[in-house]
Amino acid sequence: MGSAARNLCIKGAREHNLKNIDVMLPRDALVVISGLSGSGKSSLAFDTIFAEGQRRYVESLSAYARQFLGRLDKPDVDSIEGLSPAIAIEQKTTQRNPRSTVGTVTEIYDYYRLLFARIGRAHCPHCAREIKEQTVDQIVDTLMTVPSGSRIQLLAPVVRGKKGTHHKVLEAARKDGFVRARIDGALLHLHERISLDKQKKHSIDIVVDRIQLSDTVRKRLTESVETTLGYADGLLTVLVQGENSGTVSGKIETSALLPSELFFSQKNACAHCNVSVPELQPRLFSFNAPFGACPSCAGLGIMQTFDLDRIVPDQNRSFNEGAFLPFKPEHEWNRVRFAALAEKYHFSLDDPVRNLSKHALDIILHGSGSEALEFSHERKDGSRTARYIKPWPGIFSELHRRYAESCTHSQREVYERYLSVRTCEACRGMRLKPESLAVTIEKKNIHALSALSVDDSCEFFKTLHLTEVEATIAQQILKEITDRLEFLQNVGLGYLTLERAAATLSGGEAQRIRLATQIGSRLTGVLYILDEPSIGLHQRDNERLIQTLLHLRDLGNTVLVVEHDEQTLRVADYIVDLGPGAGVHGGYVVAAGSPPEVMQVQASLTGQYLAGAITLPIPAVRRTGNGNVLTVHDVHEHNLQHISVRIRLGTFTCITGVSGSGKSTLLIDVLYPALYNRVMNGRLPEGKFSSIEGTEHLDKVIYVDQSPIGRTPRSNPATYVGVFTDIRMLFSQVPEAKMRGYKPGRFSFNVPGGRCEHCKGDGVITIEMNFLPDVYITCDVCHGTRFNRETLAVFYKGKNISHVLDMTIEEARSFFSAVPPIVRKLEALCSVGLGYVRLGQSALTLSGGEAQRVKLALELSKRATGKTLYIFDEPTTGLHFADIIQLMEVVQRLVDQGNTVVMIEHNMDVIVQADCVIDLGPEGGMHGGTIVAQGSPEAVSQITESRTGWYIKEVLCKKT
């Protein structure tokens, strides 16, 4: 057997910064590619191996199919042998569709729909009575179980809650030979004159038969049931009385006992409310199909409405002061109409909105109804004055009209700033029609079941009680559901609910969901390529993830993982360590082999870290702060259980806890907006808490997250940190530029003048693909340089502006060493480990971790105040241990300057660096949200209830 059959052989890989490397990877093994950020890991795994696998797959398709997929370029590699079908599971949150949920992405919701369609119990959406579709034999069998000797009356419900005299209905029943009817609860003889108020709603049941039950009446009962069902269009009501029946007195029969009432239907209808329920089909439970979706919100569960707080952000202002943002007072059309409103409804245009009467504000917002306003409006050209007499539509109605009539994206954007998302009032956010939500399994409808966490859902199905028939029907469906739920648990996502919108998932969560889906497919002989699946996972959950990866391998697959996590590296069958540096200094294979073999290689930073030769030292002294404390009281947003949190200012604090325990809710949803609004005079929506103290000790709050630094090809690190402004100014001072009269704007790709007008300075042409992602191709005029020939003719130290943008940040720092303002900003980028990134690299190509560090560099390049609070959300994402050392030096320097750093983090090497740890838990979802432990890492390690404490203890013992 050749090596290609046992191994994946890559020869001459040169993609991006790879240095013509040869790599041999074992198949059917867990292989980890490690190395510094920017060393070429993704270039090897995704841009070379996966890209070639994808290209070969497309090449195998017919010419007809290939025309829809386009041509895929061959990666810059000599050859790849032994390549299996490849599946890439990346960090990207691809589902931006608001209809996509965790349940739909994992297909669990599809099985839920099938389960409810097959064994769900339908109820009337109005009265909640159970509705069963039954045959005549089933109805008779049910009635024969009533104790012998009981008297029953078979009633045909012919009118349900309808106005009218219903004379024709009663007359028809009399002609058909029926003697009695129950009208509005009273039993009446039909031969008497019955007069009903036509303005009131009535319910009429025709008495078809009265039977005393015994073993000998089955035949008569069957005939009467058939007659009743035929007369009432498949509906039947049965009054059951004990042996002590009432007597007939005059026209009304009364019962000595309170009769019980039974309802039957042949057609999934409620006999009591005369409401039909559709046949139970899977589509009835789909919020993506009109058959099941709530008609008000079309199955989204939310609606966009114009928000008064956005239209009038400052209610202390008047109309004349511009209180109503979409209605500027300087526009005469607005002014004359508001003046007419003020005159008619007795308020002044100088009155602050807060002081307007409720009636006046209601008219302004919702319109004057049928009451007309009279006002005059002079035409712009002054030709004549038009006189209007018509009702005022109201601000909300007019904005809806303008928004609906907007023809361009920019016009719609103007009005979208005044919209806010509200829960749909019709379905209360449950997305489905009332008929769909009235179907239950063990008293839970499909939305209530989807609202459970994965962990709670597993428990629900373990304790589900079914009849023998139901169990037989649902057996295979339940197996598919429980298998998929367990896969989600195994990748650390037990805290997620199936109703969670896919667009709100982090990149790591989205990746692990796709991983769980792949495990469910049980494919073999596949090459799986994953990008840091441990991102966002607590150490406890990470152990289960590793077991999942090993299970995927044991199925007969090759699992190739780009990873920095120590646990994953130690269990790998094979490690390929790239380096030795990043960017131009990387791209070589520094070490390859089993973990013990890699540890023997002195040049491998990864190997030395695993061997314990390189460590992040534990601080000798923990800071106690500057004496001031920030306290947030009674936090109860999402799953947080009315906790109060104290953060000592002037310290480095880590927020820890298992996945879903409430870390992001506390820091991002509550603390950051609360501080930003009070310290920075912002207007961010705040999470729920009662009060906050200590904000007066801060003068700035900075949140450094992982969102992109820009969403177009023009956005790049140089523009984001502002260094490109200094570079453009420098180029404008070059003698050639002065001679040509070029200003700094000439060297900008955002404005006309010096940029290539064919691509508008993007360097690429964007091709919109409608329902597919946009495609970018290199501009064939400027060939990606972004500028026209005249601009590129200006040189500084032998380089033009395009050459500079193509430099790595490290190269640029050396190139501009004589220009302090430029060096200071580039130094900040280098200090956070981004020296390998190119100055002009498109923001679209930066990972979340890289984008976060660019933002951090921007803040580092500013003058420190010593009273700033920095908030970080897992800043070690995508970082090698050596990069983490560099990052922690920056963080500790910020705190040494008197600032406060609060960070969500799972990396134990970072957590033990903190002055204080706040550990949330004990579990995720509704089982979390409390403070399990708080104090120094040493103190937290002694608390047995703290999951994080267990792992802190391990790290502290290992390093001491």
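Heads up, the Cβ atoms here are built off N, Cα and C, so glycines get one too.
Per Swiss-Prot, the features are as follows:
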- 35-42, 657-664: ATP binding site (BINDING)
- 270-297: zinc finger (ZN_FING)
- 327-605: domain 'ABC transporter 1' (DOMAIN)
- 625-953: domain 'ABC transporter 2' (DOMAIN)
- 756-782: zinc finger (ZN_FING)
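Looking only at the zinc finger (270-297), the predicted model's pLDDT averages out at 86. Each residue of the zinc finger (270-297) gets a DSSP state, and the totals for helix, strand and coil are 4 helix, 4 strand, 20 coil. DSSP classifies Gly657 (ATP binding site) as strand under the three-state reduction.
Ser39 (ATP binding site) falls within neither a helix nor a strand when secondary structure is assigned with DSSP, and so counts as coil. Most other Cβ atoms within 10 A: among the binding-site residues Ser37, Ser661, that distinction falls to Ser661. Cβ atoms under 8 Å from those of the zinc finger (270-297) belong to residues 99, 104, 110, 112-114, 116-118, 120, 122, 124-127, 129, 131, 157, 159-161, 232, 235-237, 263-264, 303, 424-427, 430-433, 435-436, 438-439, 446 of the same chain, restricted to positions at least 6 beyond its ends. Lys663 (ATP binding site) carries a helical DSSP state (H, G or I). For the binding-site residues shown (Ser39, Ser659), fewest C-beta neighbours within 10 angstroms: Ser659. Long-range neighbours of Gly657 (ATP binding site) (same chain, six or more residues apart, CB within less than 8 Å of its CB): His538, Lys663, Asp919, Leu920, Gly921, Gly928, Val932, Arg947, Thr948. Sequence-distant contacts (6 or more apart, same chain, Cβ under 8 Å) of Gly35 (ATP binding site) comprise Lys41, Asp577, Leu578, Gly579, Gly586, Val590, Thr606, His880.
All chains included, 27 other C-beta atoms sit within 10 angstroms of the C-beta of Lys663 (ATP binding site).
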